Every structure is written in C-alpha cells, then in structure tokens.
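Accompanying notes for the structure given below.
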Amino acid sequence: MSATAPIRIAARAQPAKYAFIIFHGLGDSGAGWTFLAEYLQRDPALASAQFVFPTAPVRPITANNFAPATAWLDVRSWLSHESVDLEGFNESMKLVPKLIEEQVAQGIPYERIWIGGFSQGAALTMGTALSFPHRLGGFLSFSGPPSYRWLEHTVSDANTGAPVFQSHGTMDEVFPSSGAEAVHRSFTSQYGFKNHRLKIYDGLGHSISPQLLDDALAFIKANLDAEKPAPRPAL
C-alpha cells in the first residue's frame with residue numbers, strides 16, 4: 001500500500017504560528033479537504049496557520065466486497081462498528097507523530113498544533129487526543145465513530161486540558177448521533193477531558209455544513225492560545 005505525499009498549504013501571513021493536520025474519511029483524499037484551509041485562513045486570526053492534508057493508502061475494503069479505496073483502516077461491516085481493524089488503525093496512527101514532529105521542526109510548538117479529521121480521520125484525531133504524550137493545541141472531530149473503547153490501553157492524560165470540538169449530524173447514516181453523545185460522555189467523565197464540546201446538527205447526515213464550519217472556526221479562535229495561563233491580576 002503506497003501512500004500519496006501530504007498536501008501542504010503555507011500560512012498566508014508569515015511566519016507561521018499555528019499548524020493544522022487534517023485527516024480525511026474513507027474513499028477521500030487530502031485534496032478533498034483543502035477547502036478547510038481556504039475557509040479558516042480567511043479569518044485574520046488564522047492567516048498565520050499552515051495546513052497539512054495527508055492521503056490514506058489504498059487498501060481493499062472488506063465491507064465493500066474487497067474493492068480498493070483510500071482508507072486509514074479496513075471497514076469489516078457496514079452494520080456493526082464493534083469489530084475494529086486495530087492493525088490498520090495502529091499502522092495509520094504511526095503517521096500522526098511524524099507529521100506533528102515535522103511541524104515542531106519548523107518552529108511550531110506542540111501547543112499550537114491542531115489535529116482534525118472526518119469519519120475515519122476523526123478516529124485518528126481522537127486516538128491522538130487519548131494517546132499523544134505532549135499537550136497539543138486542540139482537536140476537531142467531524143462525524144467520528146461511536147466508541148473508542150478499543151483505545152483504552154493507550155490512554156495518556158497529556159491532552160485532557162486541550163480543547164476538543166466534536167460535531168455530528170442527527171441524520172448521519174454511517175454513525176448514529178447517539179454514539180457521538182456516548183463518546184462525549186466517555187471523554188469527559190471517564191478520561192477527564194475538561195474542554196470538550198459536542199455540537200449536534202439537526203438534519204445533517206454524514207457530512208459537514210456551513211454552520212458547522214462557522215462553529216468550528218469560533219471554537220478554534222476562542223481556544224487558539226488556551227495553553228497560555230491566565231495573567232495574574234496586578235497587586
């Protein structure tokens with residue numbers, strides 16, 4: 001399974017101060033998500049953000065009669081999400097720290113690197129939130145899986161204070177919105193995430209919407225420098 005080189009979009013305002021690494025969903029590509037950079041960079045607060053859009057390797061998809069598609073992990077069934085391709089997931093997860101360290105080498109601190117993804121890409125995003133050993137800037141999870149119980153052995157508390165924006169549609173035909181609510185409960189109650197916002201969109205399917213993008217932008221702007229401690233009051 002050969003991989004396509006990630007698409008990299010430079011910050012409009014240099015030097016770059018922030019970085020976003022965005023993972024696509026099944027059958028998509030990094031190119032399919034470059035619109036997000038264009039949208040976010042329009043805002044002056046994110047003009048100094050640079051973006052990385054990786055593309056998953058092509059692999060046979062079991063649930064699709066082994067037809068090949070770009071995927072971060074195999075899909076074994078469209079009807080059940082309990083059987084997870086851990087081997088494929090863990091292999092794809094190896095890419096995440098490499099991309100993060102590339103940004104650090106370019107002068108972007110961990111605390112200003114955001115990870116995001118859609119569907120399978122959301123699984124990588126939340127897997128990173130649970131396992132990465134350094135505090136990151138934040139996480140964007142769009143239409144992700146209904147459970148991360150299979151990741152419990154990898155849990156780190158380094159990012160429990162990082163901001164998480166999780167979105168889901170009530171008409172999602174792949175992952176029901178009830179699963180999103182369960183994920184939110186587990187991240188806040190079981191794993192101790194303190195700034196985890198779940199936004200459910202009425203009538204939205206396994207997709208994103210203009211309102212969702214506006215909400216994500218507002219959340220990002222409100223949390224861009226969340227790693228900075230509040231200033232002490234003057235004595």
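Keep in mind that glycine also has a Cβ here, set from the backbone N, Cα and C atoms.
What you see is a predicted model, and the numbers here were worked out from it, not measured in a lab.
Pulled from Swiss-Prot:
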| type | residues | note |
| --- | --- | --- |
| ACT_SITE | Ser119 | active site, charge relay system |
| ACT_SITE | Asp172 | active site, charge relay system |
| ACT_SITE | His206 | active site, charge relay system |
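Known features from Swiss-Prot, placed on the structure.
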residue : record                           : DSSP (3 states)
Ser119  : active site, charge relay system : coil
Asp172  : active site, charge relay system : coil
His206  : active site, charge relay system : coil
Distance, His206 (active site, charge relay system) to Asp172 (active site, charge relay system) (CA atoms, angstrom): 4
Whole-number Å value for how far His206 (active site, charge relay system) lies from Ser119 (active site, charge relay system) (Cα to Cα): 8
Active-site residues listed as Ser119, Asp172, His206, least Cβ neighbours within 10 Å: His206
